[in-house]
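Peer 1: For reference, the structure I am asking about is given below.
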Amino acid sequence: PVLVESLLVFIVVLSVHAAVWDRFSWCALALALQAFYVQFKWDRLLQLGGAVFQFRGAANSGLLPASMVIPLLGLVMKERCRAAGSVYFERFGIVVASTGMLLALFLSVLAVGITKPVPTNTCILTGIAGSVIIYTMKQSLTVSEVIEVLEVLLIFVYLSMILLYLLPRCFTPGEALLVLGGVSFVLNQLIKRSLNVIEGRGDPIDFFLLVAVVGVVLLGLFFTVLFIFMDSGTWISSMFFHMMTAVLGLGVIMPWLYRLIQRNPLFWLLQFLFQTQTRVYLLVYWTFLAASACGVVFYQNTKRSSESKKHQASTITRKYFHFIVVATYVPGLIYDRQLLYVAAVLCLAVFIFLEYVRYFRIKPFGQTLRHLLSLFLDERDSGPLILTHIYLLLGMSLPVWLFPRSCAPKGTLPGAGALVPYSGVLAVGVGDTIASVFGSTMGEIKWPGTKKTFEGTMTAIFAQIIAVALILIFDSSVNLNSSYAWILASVSLVSLLEAYTTQIDNLLLPLYLQIMLMA
């Protein structure tokens, strides 16, 4: 399975390389080759228990697929923005690609350094790839861009040491690279923009995303350190939690956002949410869907109480939430993407805050949340945090958040790129859901070395093609310009990756589909 997963990633890398064909795409190819070899060193370290931190079990290291996501996203963004004539965002894409390569190299060097005996051949390959990448960065980046890349690396190192120690068994090395690398980049962007505020420059919704992500991460770090010294399950601790959340929110996060958008954040948010009648209708509809999701949780828990204490939700039951999320995102993508952008940010902040309440057993809802959500755990939730629902939200939202709006003057990219905001809906909402449902109920022929079935994968591809046809009918802004063969190849490749990867597919698949569609 690891070899097939690696082959699929190499096909994506070569596709992007063929589309971009510059010094950075050659660097991406070199990075993929060395990550392929180092991945086996990480796998061996995980098997022998010599990986410094405790990583998630029942999965390989995932170094190769995770290492290539950020560099490839940067490359395809650079190419799209160059074609659109946006020099600023072309340079931004180069910085993103360079940052992703340096973070992946750091993780590779770490694995090689702690492997005993030292693997000579892998060391040589990592050294050659690293030299090529660093030389290219030296020739291509300005001094300020080099400093920015090094700042992200420094933040990543510190965040990794803190969070991987505090949250054992929550991530594989590859997932840690993706999640912590993304958070490090967001934090650095927020610091950079806070120090260089120019009135009227920048979209408020982008600042809202940056402040929300950094705010909830800092909130979690603060309370994790605090509750080392006191019991979090008491009423006094719970009151202190709620009080300090209000203080940090109103005293730090709100003024920070005010400085960036130059207006009252609460008034701006209320005005934004209720600006048009369409937005009011969407908000009412989404409220109904949120209530339906809560109803599913309560109903399944009443079944557990009446049937058996050991009752666990089935795969099909867990996929109800995927259907609800698709029903949430599709109208937002068709009618108002900016509202969907902001609503997804708010939803992410609420999800993470509720996870803090559950994890720290904050009264009055902490213990109740533990009981309700334990029904929906699967083998990937082996650590102290329950992250699968947050990964589902991220997988659906990242294509919307990462869509290069400034490089799409008409609000959409030409050709297959028009489907980029739908990457999460197609890969996770439709493909992964249909594959799981049909594979678990009717699948008989298993892919070699995996539990996934041939029938599930084929049905997923077919369902995504139907979904693309429906998008063409209902979304008039989508014009594929006869790029149907590329879309079919992209969907098929990502569906095969879903069958073979042991990483969190909710996070990985939408990003790879976005890369392919943008390429």
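Using the three backbone atoms N, Cα and C, a Cβ is placed for every residue, glycine included.
According to TrEMBL, the record shows the following:
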TRANSMEM  7-37  transmembrane segment
TRANSMEM  88-112  transmembrane segment
TRANSMEM  118-137  transmembrane segment
TRANSMEM  149-167  transmembrane segment
TRANSMEM  207-228  transmembrane segment
TRANSMEM  240-258  transmembrane segment
TRANSMEM  278-299  transmembrane segment
TRANSMEM  320-335  transmembrane segment
TRANSMEM  341-361  transmembrane segment
TRANSMEM  382-402  transmembrane segment
TRANSMEM  422-442  transmembrane segment
TRANSMEM  486-513  transmembrane segment
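Show me how these features fit into the shown structure, please.
Peer 2: Among residues of the same chain six or more beyond the transmembrane segment (7-37), those with a C-beta under 8 A of the stretch's C-beta atoms are 63-65, 67-68, 71-72, 74-76, 78-79, 94, 97-98, 101, 104-105, 108, 121-122, 125-126, 128-130, 132-133, 136, 139-140, 493, 496-497, 500, 512, 515-516, 519.
Panel annotation: around the transmembrane segment (88-112), residues 24, 27-28, 31, 34-35, 38, 41-42, 45, 63, 66-82, 118-119, 122-123, 126, 129-130, 133, 137, 140-141, 145, 148-150, 152-153, 156-157, 173, 177, 181, 184-185, 404, 406-407 of the same chain, lying at least six beyond its termini, place a Cβ under 8 Å from a Cβ of the stretch.
When Cβ-Cβ distances below 8 Å are used as the criterion, the transmembrane segment (149-167) is approached by residues 53, 55, 95, 98-99, 102-103, 106, 137, 141, 176, 180-181, 183-185, 187-188, 191, 221, 224, 383-385 of the same chain, each at least six residues removed from its ends.
Away from its own ends, the transmembrane segment (207-228) comes close to residues 162, 166, 183, 186-187, 189-190, 193, 237, 241, 244-245, 248-249, 252-253, 256-257, 260-261, 265, 269, 341-342, 345-346, 348-349, 352-353, 356, 360, 401 of its chain (Cβ-Cβ under 8 Å, at least six residues beyond either end).
Sequence-distant contacts of the transmembrane segment (320-335) (same chain, at least 6 residues past either end, Cβ-Cβ under 8 Å): 278, 282, 285-286, 289, 292-293, 296, 343, 389, 392-393, 396, 400, 421-422, 424-425, 428-430, 432-433, 474-475.
Residues 205, 208-209, 212-213, 215-216, 219-220, 223, 227, 232-233, 237, 241, 245, 269, 272-273, 283, 286, 332, 367, 369-370, 373, 384-387, 389-390, 393-394, 396-397, 400-401 of the same chain sit 6 or more residues outside the transmembrane segment (341-361) yet have a Cβ under 8 Å from a Cβ within it.
Packing against the transmembrane segment (382-402) from elsewhere in the chain are residues 56-58, 73, 77, 167-171, 209, 321-322, 325, 329, 333, 337, 340-341, 344-345, 347-348, 351-352, 355, 358-359, 373, 376, 420-425, 427-429, 504, 506-507, 509-511, 513-514: each is 6 or more residues past its ends and has a CB under 8 Å from a CB in it.
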Peer 1: What residues in the same chain, six or more past the boundaries of the transmembrane segment (240-258), come closer than 8 Å to it by Cβ-Cβ distance?
Peer 2: 194, 207-208, 211, 215, 218-219, 222-223, 232, 264-266, 353, 360, 362
Peer 1: Looking only at residues six or more beyond either end of the transmembrane segment (486-513), which have a C-beta under 8 A from one in the stretch?
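Peer 2: Tertiary neighbours of the transmembrane segment (486-513) are 1, 4-5, 8-9, 11-12, 58-60, 62, 65-66, 69, 73, 172, 174-175, 178-179, 380, 387-388, 391-392, 394-396, 398-399, 415-416, 419, 423-424, 426-428, 431-432, 435, 447, 450, 452, 456-457, 460-461, 464-465, 468, 480.
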Peer 1: With a Cβ cut-off under 8 Å, give me the same-chain residues at least six positions beyond the ends of the transmembrane segment (278-299) that come close to it.
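Peer 2: For the transmembrane segment (278-299), the far contacts come to 317, 320-321, 324, 327-328, 331-332, 335-336, 339, 343, 372-373, 375-376.
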Peer 1: Do any residues of this chain, six or more beyond the ends of the transmembrane segment (118-137), have a C-beta under 8 angstroms from a C-beta of it, and if so which?
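Peer 2: Same-chain contacts beyond the ends: 23-24, 26-27, 30-31, 33-34, 37-38, 41, 98, 101-102, 105, 108-109, 112, 146, 149.
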